[in-house]
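Annotated features in TrEMBL:
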type: ACT_SITE; residues: Glu15; note: active site
type: DOMAIN; residues: 140-346; note: domain 'ATP-grasp'
type: ACT_SITE; residues: Ser189; note: active site
type: BINDING; residues: Asp299, Glu313; note: Mg(2+) 1 binding site
type: BINDING; residues: Glu313, Asn315; note: Mg(2+) 2 binding site
type: ACT_SITE; residues: Ser324; note: active site
Amino acid sequence: MPLKLGVLFGGQSGEHEVSLMSAASVMKNIDRQKFEIIPIGITKNGHWYLYKGDIDDIQNGNWLDNSYKAILPPDPSYHGLIYFVNGEIKIERLDAVFPVLHGPRGEDGTIQGLLELANIPYVGAGVTSSAVGMDKVFTKKLLEHAGLPIVPYLVFTKKQWYGQSEDVAENIETRLGYPNFVKPANLGSSVGITKVHDRVELTEALNLAARYDRKIIVEKSINCKDVECSVLGNENPRASTVGEIMPAREFYDYQAKYCDTATRLLIPAQLPDEKIEEIRTLAVKAYKVLDCQGMARVDFFYENGTGNVYVNELNTIPGFTHVSMYPKLWEASGLAYGKLLEDLIDLALERFQDVH
Ligand code: ADP
Ligand code: MG
Ligand code: MG
Ligand code: K
């Protein structure tokens, strides 16, 4: 019997649309002989539905038309999804879940916590690693503690910014200077992030970041290339080759990530072999520092001129569209998309057995 795999898509974060694309891609590439897909959509308001329509209608946002209201109870006795058809209650068993959700309330340990309570194995990092990976401040603290290279940063709360704006701005100017990057601490897809060149932009950037999070991180800007490495595994994680992003914009912002066809991925990255190896080694180290499971895409800055490498962040549920870096890097390393998905589900089951 094929394994019943729940695929979670949508979600409440600013990365809802990206998740629709990633999930559709995952569902299209999975081996239907081995897995029965149970698509589960979460609206931007956090409402859950069992989806019964075509995969193609997920990406265009019309999936709600063909869905049944559903809930995933934390009570482990159901071991699946409860849904409602014309007032009748039905249960769909779930053997495993692939949360293809990006950003807060999906990638940040919250969904993972629900799946833990429900006693259902799931793809990717556990609760703590997911939460830490989502929080750029916690991530940096742990990486720094482990002696891994990171860029200088400062942290402020929204209240500090609105209460002591002058002090906060001066502090940033003295300790980091311009340009710098202002970011909400917990988000992804470059949402709420600004590259800042002067005081006017700084004020706007802090206001913007404060709309997304109560915690704001400001980083020294590095003149760099974005390079990324895919890591896969539980106990013995391995690293893919390294890829480079060539955005046609000032930095890898939301436009460049999802809208701009001029953005190019270069695989492998145009770096000396020893730098590629350094990055792969750092990727596995960073993965272990956060105690990741299953997968993560580890992102770096490669400084122009000096060749210095800094760990930027770990993404515990990276993009999974057919043009996304995580699966592309594995393809280039000899692991096809379909096989990668199977490996991820195997790792999820392995981890579950390890814990239970
Ligand atoms: P997200 O989680 O939203 O992807 P990132 O921290 O990765 O946030 O920032 C998004 C992009 O902004 C990076 O991929 C990079 O292009 C640029 N960027 C972020 N921080 C810096 C920095 N300190 N120096 C140079 N570029 C940066
Ligand atoms: Mg991110
Ligand atoms: Mg990033
Ligand atoms: K992250």
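Yeah, the Cβs are placed from backbone N, Cα and C, and that goes for glycine too.
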According to DSSP, does Glu313 (Mg(2+) 1 binding site) fall in a helix, a strand, or coil?
strand
Hey, how far is Ser324 (active site) from Asn315 (Mg(2+) 2 binding site), Cα to Cα, in Å?
13
Same-chain residues at least 6 apart in sequence whose Cβ lies under 8 Å from Asn315 (Mg(2+) 2 binding site):
His102, Glu107, Gly133, Gly188, Ala296, Arg297, Asp299
Can you grab the distance from Glu15 (active site) over to Glu313 (Mg(2+) 1 binding site)? Cα atoms, rounded to a whole Å.
17
Report the member of Glu15, Asp299, Glu313 (the recorded positions) whose C-beta atom has the most other C-beta atoms within 10 angstroms.
Glu15
Could you pull the average pLDDT for the domain 'ATP-grasp' (140-346)?
95
Are there any residues in the same chain, six or more apart in sequence, whose C-beta is under 8 angstroms from the C-beta of Ser189 (active site), and if so which?
Gly14, Glu15, Val18, His102, Gly103, Tyr254, Lys257, Tyr258
Surrounding CB atoms that lie within 10 Å of the CB of Ser324 (active site), all protein chains:
20
Among the recorded positions Glu15, Ser189, Asp299, which have a Cβ atom lying under 6 Å from any atom of ligand 3?
Asp299
